[in-house]
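Some features that TrEMBL has for this protein:
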- 76: active site, proton acceptor (ACT_SITE)
- 16, 17, 18, 19, 20, 21, 77, 157, 158, 159, 160, 180, 185, 186: substrate binding site (BINDING)
- 48, 76: Mg(2+) binding site (BINDING)
Ligand SMILES: O=P(O)(O)OP(=O)(O)OP(=O)(O)OC[C@H]1O[C@@H](n2cnc3c(O)ncnc32)[C@H](O)[C@@H]1O
Ligand SMILES: [Mg+2]
């Protein structure tokens, strides 16, 4: 296996149109990157997520943004619920519809769980760093927990208010963001990516 390529330069494009993610990524990578911009700010189109895995979609989004000439980082993530055969999984954003209605998406998850004993779930985060020549470095992180109902807490985004991480009494929606960054799937993935490309 060849050695991983390291991040060089000072500007990184965050290849995401999700403001919650862009904020978390800038917080997690702040110490290693001088300047951030995002696909949204640059007016780059949102590529169609045609991959069949988190990793395939992260690589496709990162490569699409890096083709514009700067190194780009994409995150493809979602909530996997074993009792729902892995749904919403890579369709986590799509379950919220064009209006990005996560109250509705969480209700849909809850409706599927009625009468089921297994309320376990995990978040997955695939991160892909892409170079303008098409090279990518990709990692995947996880965080396991349980789904609660009704949703709790004003923080975070997406499915956070119904996700109770293992070993904790507060949902990601109730938790201080600093605390979420100590244990989330995104934090797990970033620990691996920093080790590989940013140190
Ligand atoms: O593709 P981009 O532009 O980055 O933005 P997106 O919101 O479409 O992102 P994804 O395709 O990766 O879909 C992931 C969805 O999974 C959910 N999700 C991911 N990480 C999460 C987190 O930390 N907390 C709560 N929900 C999360 C959230 O609803 C996201 O919209
Ligand atoms: Mg998306």
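Positions of Cβ are set from backbone N, Cα and C atoms, glycine also.
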Conformational class of residue 20 (substrate binding site) under the three-state DSSP mapping: helix
Among 16, 17, 18, 19, 20, 21, 77, 157, 158, 159, 160, 180, 185, 186, the record's substrate binders - longest CA distance, Å: 21
Number of other Cβ atoms within 10 Å of the Cβ of residue 160 (substrate binding site) across all protein chains: 25
Cα-nearest neighbour of residue 48 (Mg(2+) binding site) within the listed binding-site residues, 16, 20, 77: 16
